[in-house]
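Undergrad: Pasting a structure below so you can have a look.
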């Protein structure tokens, strides 16, 4: 999406020339991979491209899409948020306890998001003000958030019976369930803030060259605080979808969401060194990973093979990004 | 020295050299001192810049050029001394204060973000927006147009403003940084070794840009180790040695050899 301005008139010829370059495949790894997966799986399984399965896949992808967007903001600044899935778990427990205390759906939802923002705030303070390495700081808060979730829930899942949650998880407009609509709205907002506002430009500047950004009057501290808050807040939103899907707030570890959120961003063509912002890429990356898991399940491939497949796809994508245009 | 030299008196106050009237000075710095711990980087240095001229500041490493420039661009605060801008005393709390008074500095590292486009770099930190509140959007059209116009006015030969700075050559990057500094209605542009890392052709292009800048009425302070360049470009030269501005010359009335002698102290100022 960022390269709209570059490609102009002689489109067809240009496209032809581009396809012959490896950088074309590297730039568009996620959409090409998604199309390839859809073709392969729909050939192998008649159920894959049915409306019912597409709807199920989109709903299943919503949590990962939201987490990948949060992760994308952080990674654009050259950071990483390893605590993102633990924060989601913490937010889910926050929702569960608030709901159990009779605060109702909406207040509980706010509690979940505030819980996520709280972890984001701690990350931001540690990294932006305390100058702790992002990797170490968020590894620490990963453990802290997981521990807190276990402590406050006493290690037991909290069952939730909420009509609002039921609507959230089962309601839909056509084949688009509410969860994926929520994720899409967040994606559009994220794209807008990243590419059309001063804030987004400053996020990219800090990630690209912090020294130059600061020399031009941008506060790197504020930008870093903001991206970890965004990541934490979005983890809180994802917590709602997680509780809605499971029907309970579980203090589970959810490691696969952490790895997949980073994998989706890498698949989406975002450089881990920062400076190159993408929103659509990571969203497609998240859809790809969900389609991969779904397709393998439909084909009856053992669950044990799924992490292997995800790992292979991510490593391949990382190799391909080496050939991206600078 | 037997004859009083109108340029060579070590100035105790901002000098009124030659036939130049005070009002023709855009900048007068007088008796600037700056120490870092026990190191006296500036020991009462004075210098001037005239309107519409390129003033060169030369001196050996450690002579105090960089400290002087940092005092003028607001990075350092002088321990004592006075800076007159347009005849009025000014103090700069920080680089932004200097920028607001019309003094722009082209950093040696250029302060560009390689992954952003030319126009994004141009307006980095001072973007134009429309709308209001959290939905204030970047006025991309205005910014692209303005950046393109400014580059065109300076006759800078660069790719479209939508290309990423990463794809620009060293000279093109320098030109973009200079055009950005000149693009804010600034009165003074300070450049620290603008062509240090450039080849012959690129140096010539950047020098062309600096000359265009002078023609448009901006006063340029040029720090350079390249005497040929100083002789080619500048109208006036200040020589620093050991924390003092020890001599000034009209470029037309001096030679590279004399400048070297002044820098090393082989020739008394």
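Glycine is no exception: its Cβ is also placed from the backbone N, Cα and C atoms.
Reproduced below are the annotations present in TrEMBL:
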- A:29-48: transmembrane segment (TRANSMEM)
- A:54-75: transmembrane segment (TRANSMEM)
- A:105-128: transmembrane segment (TRANSMEM)
- A:135-155: transmembrane segment (TRANSMEM)
- A:175-195: transmembrane segment (TRANSMEM)
- A:226-247: transmembrane segment (TRANSMEM)
- A:253-272: transmembrane segment (TRANSMEM)
- A:279-298: transmembrane segment (TRANSMEM)
- A:304-323: transmembrane segment (TRANSMEM)
Undergrad: Using a Cβ-Cβ cut-off of under 8 Å, list the residues of the same chain that are 6+ residues beyond the ends of the transmembrane segment (A:226-247) and lie near it.
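TA: Long-range Cβ neighbours of the transmembrane segment (A:226-247): 59, 62-63, 66-67, 69-71, 73-74, 76-77, 79, 81, 84-85, 87-92, 94-96, 109, 112-121, 123-124, 127-128, 157, 159-160, 165-166, 168-169, 179, 182, 186, 199, 203, 254, 257.
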Undergrad: With Cβ-Cβ distances below 8 Å as the criterion, list the same-chain residues six or more beyond the ends of the transmembrane segment (A:54-75) that contact it, or say none.
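TA: Long-range Cβ neighbours of the transmembrane segment (A:54-75): 81, 84-85, 88, 134, 169, 172, 175-177, 179-180, 182-184, 186-187, 190, 194, 203, 227-228, 230-235, 237-238, 241-242, 245, 257, 260-262, 264-265, 268, 270, 272, 274, 277-279, 282-283, 285-287, 289-291, 293-294.
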Undergrad: Six or more residues beyond either end and a Cβ under 8 Å away: which residues meet both conditions relative to the transmembrane segment (A:175-195)?
TA: 1-2, 51, 54-55, 58-59, 61-63, 65-66, 69, 72-73, 76, 167-169, 203-204, 234, 237, 241, 244-245, 277, 279-280, 283
Undergrad: Would you kindly list the residues that approach the transmembrane segment (A:29-48) from elsewhere in its chain, counting only those six or more residues past its ends and only Cβ-Cβ distances under 8 Å?
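TA: For the transmembrane segment (A:29-48), the list is 267-269, 281-282, 284-285, 287-288, 291-292, 294-295, 298-299, 313, 317, 320-321.
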Undergrad: Below 8 angstroms Cβ to Cβ, which residues of this chain, lying six or more residues outside the transmembrane segment (A:304-323), approach it?
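TA: Beyond its ends, the transmembrane segment (A:304-323) has Cβ neighbours at 22-23, 25-26, 29-30, 33, 256, 259-260, 263, 266-267, 269, 271, 285, 288-289, 292-293, 296-297.
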